[in-house]
Amino acid sequence: MMQSGRVITAFGRHFTVKLQDGTTRHSYAKGKKTGICVGDYVHVELIGQDEARIVDILERKNLLYRSDEMRSKQFAANVDILFIVVAVEPNFSEDLLGRALVGAWSAQIKPIIILNKIDLSSNYQAAKDRLKTYLDLGIELIEVSTLNPLDLKEKLLPILQDHTSLLLGQSAMGKSSILNVLVPAAQAHTQEYSVALGTGKHTTTTTTLYELPEINANLIDSPGFQSFGLKHLQLNEVIAGFPEFTPYLDQCRFYNCQHLHEPGCGVLKALAEHKIAAERHALYERILLECTAPERY
Ligand SMILES: Nc1nc2c(ncn2[C@@H]2O[C@H](COP(=O)(O)OP(=O)(O)O)[C@@H](O)[C@H]2O)c(=O)[nH]1
Ligand SMILES: [Mg+2]
Ligand SMILES: [Zn+2]
């Protein structure tokens, strides 16, 4: 019998699929089918009482990649909102924040920055100052402390409602603490798993989609996940990650300008006039060079 459902965990070739009746099934990919990931809507064939075989992936709204040392791997699909968790302390990386924004905007996902640990008041203003560049881009900022869980829920639950959101943050920003406030049932699952695959030992992380049924919300967490893979992006997708370039793009002399060294480039002119932040253009250049470098295997 065929049914539709959504992939809520992925672990190698093993998946958990939540069916429309609310039950979950341990599922396998049919034959050589690959590329199934958390957040995918799928068709399954039911097998026995509690297993299923995934036969089809329905069309995706978007698909996100995580980077590892070697290359990018797809890991989540059909995401509406990206929450980027930064903290008053320790200092957050602007490189990672900028990359997360490129990942979100290139995939038509709304980014929202969560500034956590606002109870640490002595460094609060410095953190706000470092965020100014991003707030000037029009990104929404939510300020929370996990020491005040009621306030945190009051601020975040209305945004989560009716959407699939992804939580991202470099370590020590408080991502697990926030997840545990929003989804108490997540507590047991936030550690990383290690499995033996074939002859070699690999450390693998499980991406999990948590449900908040009262508000029809889904929250995806991927332990150990700090940065999107961006190497698959095309030039126009990287540029979409730098919305402050937009007003100058039509001033470039060449229609295929990469805004790196070209004469008559509107973006470089704006950079020279300090209308574009130097660190932002430097990040653009780093990402673009990574995208055009050959992949290593
Ligand atoms: N003062 C303060 N500490 C926090 C807050 N949220 C998390 N922490 C602490 O920050 C550290 C890192 O938190 P954790 O949730 O493990 O961060 P993760 O690495 O991003 O998952 C832990 O010691 C937490 O207790 C907060 O709102 N205020
Ligand atoms: Mg954590
Ligand atoms: Zn240009």
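Note that Cβ sites are derived from N, Cα and C of the backbone, with glycine treated the same way.
Nobody curates TrEMBL annotations by hand; they come from automatic prediction.
Over in TrEMBL, the protein carries these features:
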type: DOMAIN; residues: 61-228; note: domain 'CP-type G'
type: DOMAIN; residues: 77-226; note: domain 'EngC GTPase'
type: BINDING; residues: Asn116, Lys117, Ile118, Asp119, Gly169, Gln170, Ser171, Ala172, Met173, Gly174, Lys175, Ser176, Ser177; note: GTP binding site
type: BINDING; residues: Cys252, Cys257, His259, Cys265; note: Zn(2+) binding site
Tertiary neighbours of Ile118 (GTP binding site) (same chain, Cβ under 8 Å, six or more apart): Val88, Tyr124, Glu143, Val144, Ser145
Sparsest Cβ surroundings (other CB atoms within 10 Å) among the binding-site residues Asn116, Ser171: Ser171
Local Cβ density at Cys265 (Zn(2+) binding site) - other Cβ atoms counted within 10 Å: 21
Asn116 (GTP binding site) versus binding-site residues Cys257, His259, Cys265 - nearest by Cα: His259
Candidates near ligand 3 among the binding-site residues Gly169, Lys175, Cys257, His259, Cys265, judged by a Cβ under 6 angstroms: Cys257, His259, Cys265
Same-chain residues at least 6 apart in sequence whose Cβ lies under 8 Å from Cys252 (Zn(2+) binding site): His259, Glu262, Gly264, Cys265, Gly266, Val267
Lowest local Cβ density (other Cβ within 10 Å) among binding-site residues: Met173, Cys257: Cys257
Lys175 (GTP binding site), number of other Cβ atoms within 10 Å: 25
Binding-site residues compared (Gly169, Ser177, His259) - the one with the fewest other Cβ atoms within 10 Å: Ser177
Local backbone state of Gly169 (GTP binding site), from DSSP in three classes: strand
DSSP-derived helix, strand and coil totals, residue by residue, for the domain 'EngC GTPase' (77-226): 57 helix, 46 strand, 47 coil
